[in-house]
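Per TrEMBL, the features are as follows:
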type: BINDING; residues: D44, S45, D83, K112; note: 3-methyl-2-oxobutanoate binding site
type: BINDING; residues: D44, D83, E114; note: Mg(2+) binding site
type: ACT_SITE; residues: E180; note: active site, proton acceptor
Amino acid sequence: MKITVNTLHKLAAEGQKITMLTCYDASFASLLDEAGVEILLVGDSLGPVMQGIDSTLPVSEDEMAYHIRCVARGAKNALILGDMTFGAYQQSPQQAFAHAARLLQAGAHMVKLEGGAYMAETTRFLVERGVPVCSHIGLTPQFVNAFGGYRVQGRGDDGQRVLNDAKALAEAGASLIVMECVPAALAKEITETVNVPTIGIGAGVDTSGQVLVLHDMLGVYPGKKAKFVKNFMEEAGSIQGAVQAYIKAVKDKTFPSAEHTY
Ligand code: KIV
């Protein structure tokens, strides 16, 4: 069955968890699609993971379009989510639309953009022109220089800011909200407040679904391992087994557990 924006809203309304993994090529797209992963995120994590660079900032529009085309060839049913790349959408809603159009023409079904309430105008502009948008709030990796590192966001009084971001983006028409590295209690409050499915990464178990970077959950990324990462290959005999274990753990809410949560 083809996964659409409507499927995601239905799953969330029924309390069924949504699974998302990053994906950058046709072979993995086919494997993840067959396993039943609902969303394949062609993330700008392809910089660190595929290119060996130390942040997502240098990933280009052309590189993103290239990897989306590869994933689109391998996936039959999954919804393909493409990351908007740093510098290609922040200037104006018009710049964002031109970038989003390229990603949709390459095969993405939805685009993801980082940033809080100030991205509401751009979100509305894209949505009104037929581009489904996934907002990315909390720890937004393109802000690594501004944050002074990859740090948990929304702790204590700062939680109100992240909640306000989620509300503004939901109101602007976002179809999905990714929350990265925020306290579990805040992620739960946001999920209960906004009428949009939420996907967590380091955001506890009470979001509408979960995402991990594929190479992290397979234990093959050589870089630093974040607290929220679980290596599903350790107990599985194969890549297919690890992906099935991830899907099962997300669906039955055993991942993430307390040890993967802030
Ligand atoms: O690029 C990426 O992989 C992401 C995830 C961390 C959500 O944005």
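We count from 1, first residue shown onward.
Keep in mind that glycine also has a Cβ here, set from the backbone N, Cα and C atoms.
Bear in mind that TrEMBL entries carry predicted annotations, made automatically and left uncurated.
Shown here: features listed in TrEMBL, placed on the structure.
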residue: D44; record: 3-methyl-2-oxobutanoate binding site; contacts (Cβ under 8 Å, 6+ apart): T56, V59, M64, D83, T85, F86, P141, Q142
residue: S45; record: 3-methyl-2-oxobutanoate binding site; contacts (Cβ under 8 Å, 6+ apart): T22, T56, P141, V213
residue: K112; record: 3-methyl-2-oxobutanoate binding site; contacts (Cβ under 8 Å, 6+ apart): L41, G43, L81, G82, D83, M84, V133, C134, S135, H136, L176, V178
residue: E114; record: Mg(2+) binding site; contacts (Cβ under 8 Å, 6+ apart): M84, H136, I137, T140, P141, Q142, F143
residue: E180; record: active site, proton acceptor; contacts (Cβ under 8 Å, 6+ apart): H136, I137, G138, L139, T140, P141, Q153, G200, I201, G202, A203
Count of other CB atoms lying within 10 Å of the CB belonging to D83 (3-methyl-2-oxobutanoate binding site): 28
Neighbourhood of ligand 1 - binding-site residues from D44, S45, D83, E114 with Cβ under 6 Å: D44, S45, D83
Other same-chain residues whose Cβ falls within 8 Å of the Cβ centroid of D44, S45, D83, K112, the recorded 3-methyl-2-oxobutanoate site, in sequence order: T22, L41, V42, G43, L46, T56, V59, M64, G82, M84, T85, H136, P141
DSSP three-state assignment for D44 (3-methyl-2-oxobutanoate binding site): coil
E180 (active site, proton acceptor): secondary structure state under DSSP, collapsed to three categories: strand
